[in-house]
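*Asks:* Pasting in a structure now, in structure tokens, and then I'll have a few things to ask.
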């Protein structure tokens with residue numbers, strides 16, 4: 001009888017020990033699961049918080065009708081580049097500038113650490129107040145200036161304004177009448193003033209060092225985009241990720257389109273629009289007018305271009 005009682009007590013003690021071990025394992029598992037869930041949640045939250053609206057590290061400052069949209073879209077092929085989809089006009093439109101940097105930042109795309117934010121507003125280049133304002137935002141910002149033959153740029157500028165006027169059913173003078181006054185090129189014509197690259201660049205060089213401004217050949221970008229994009233990648237300290245396979249020539253449109261991840265993209269119909277007519281004699285006068293200013297620009301940038 002005594003041995004039966006002792007045996008029963010031993011069995012109960014063994015069961016109690018096993019139950020205690022099981023309870024400890026359950027508590028340990030629950031704690032581990034909670035810790036893992038917390039860690040996963042923290043990691044997800046950290047990843048989300050890393051994606052932010054950042055001020056641009058590079059700005060395409062001009063020139064108007066020089067190929068700024070094409071350059072922006074081509075740079076956006078790079079996986080480490082995110083671009084502002086619309087022209088912001090923060091530094092050259094007083095109403096926007098008075099809204100402050102918080103408003104400007106809100107116009108930028110979301111980026112991860114290590115990605116480069118790029119915006120383009122071609123109106124910046126010829127606006128006197130812009131260089132100092134950009135410097136105040138970020139003295140280390142990198143600036144891209146895409147230029148093309150100033151005579152061709154002027155005609156393209158006029159063509160865009162003419163198209164906009166006709167769309168609104170408003171009359172507009174022929175280019176010859178706006179450009180030539182009493183047989184001479186009118187230096188007061190605004191589209192002509194925007195083509196005096198040396199005057200505008202001089203203001204930027206009063207604020208920024210020359211090595212912080214990269215000049216892109218807009219005419220070369222149209223003929224063969226890849227070499228100009230490779231130079232831009234180096235200037236922006238980007239890994240060389242854009243390749244010739246990212247471009248194909250669209251014979252219908254008459255210019256290069258983009259290929260990325262199996263999808264193609266061409267610029268909108270306003271790009272490559274036929275130029276408004278300008279008499280040959282007037283165009284020759286325009287080319288002669290630009291020879292002196294062009295030479296000054298070539299000296300400033302340390303290279304020459306095949307312009308008229």
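Every residue, even glycine, has its Cβ placed from backbone N, Cα and C.
Feature table excerpt (TrEMBL):
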SIGNAL    1-22  signal peptide
REGION    29-49  region 'Disordered'
COMPBIAS  31-47  compositional bias 'Low complexity'
DOMAIN    58-265  domain 'Sulfotransferase'
ACT_SITE  65  active site, for sulfotransferase activity
BINDING   65, 66, 67, 68, 69, 148, 156, 256, 271, 272, 273, 274, 275  3'-phosphoadenylyl sulfate binding site
DISULFID  257-266  disulfide bond
*Asks:* Quick check for the class: what is the C-alpha distance, in angstrom and rounded, between residue 273 (3'-phosphoadenylyl sulfate binding site) and residue 266 (disulfide bond)?
*Replies:* 14
*Asks:* Give me the Cα-Cα distance between residue 257 (disulfide bond) and residue 69 (3'-phosphoadenylyl sulfate binding site), rounded to a whole Å.
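*Replies:* About 12 Å separate the Cα atoms of these two residues.
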*Asks:* As a test of reading the model: what is the averaged pLDDT for the domain 'Sulfotransferase' (58-265)?
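*Replies:* So the average pLDDT across the domain 'Sulfotransferase' (58-265) works out to 96.
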*Asks:* Spatially speaking, which of the recorded positions 65, 67, 69, 156, 275 is closest to residue 266 (disulfide bond)? Use C-alpha to C-alpha, please.
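*Replies:* Closest by Cα distance to residue 266 (disulfide bond) among the recorded positions 65, 67, 69, 156, 275: 69.
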*Asks:* For the residue listed as 'active site, for sulfotransferase activity' and residue 156 (3'-phosphoadenylyl sulfate binding site), what Cα-Cα distance in Å is obtained after rounding to a whole number?
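*Replies:* The residue listed as 'active site, for sulfotransferase activity' and residue 156 (3'-phosphoadenylyl sulfate binding site) have their Cα atoms 6 Å apart.
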*Asks:* Taking every protein chain shown into account, which of the recorded positions 65, 69, 273, 275 has the largest tally of Cβ atoms within 10 Å of its Cβ?
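*Replies:* Sorting the candidates by Cβ neighbours within 10 Å, the top entry is 65.
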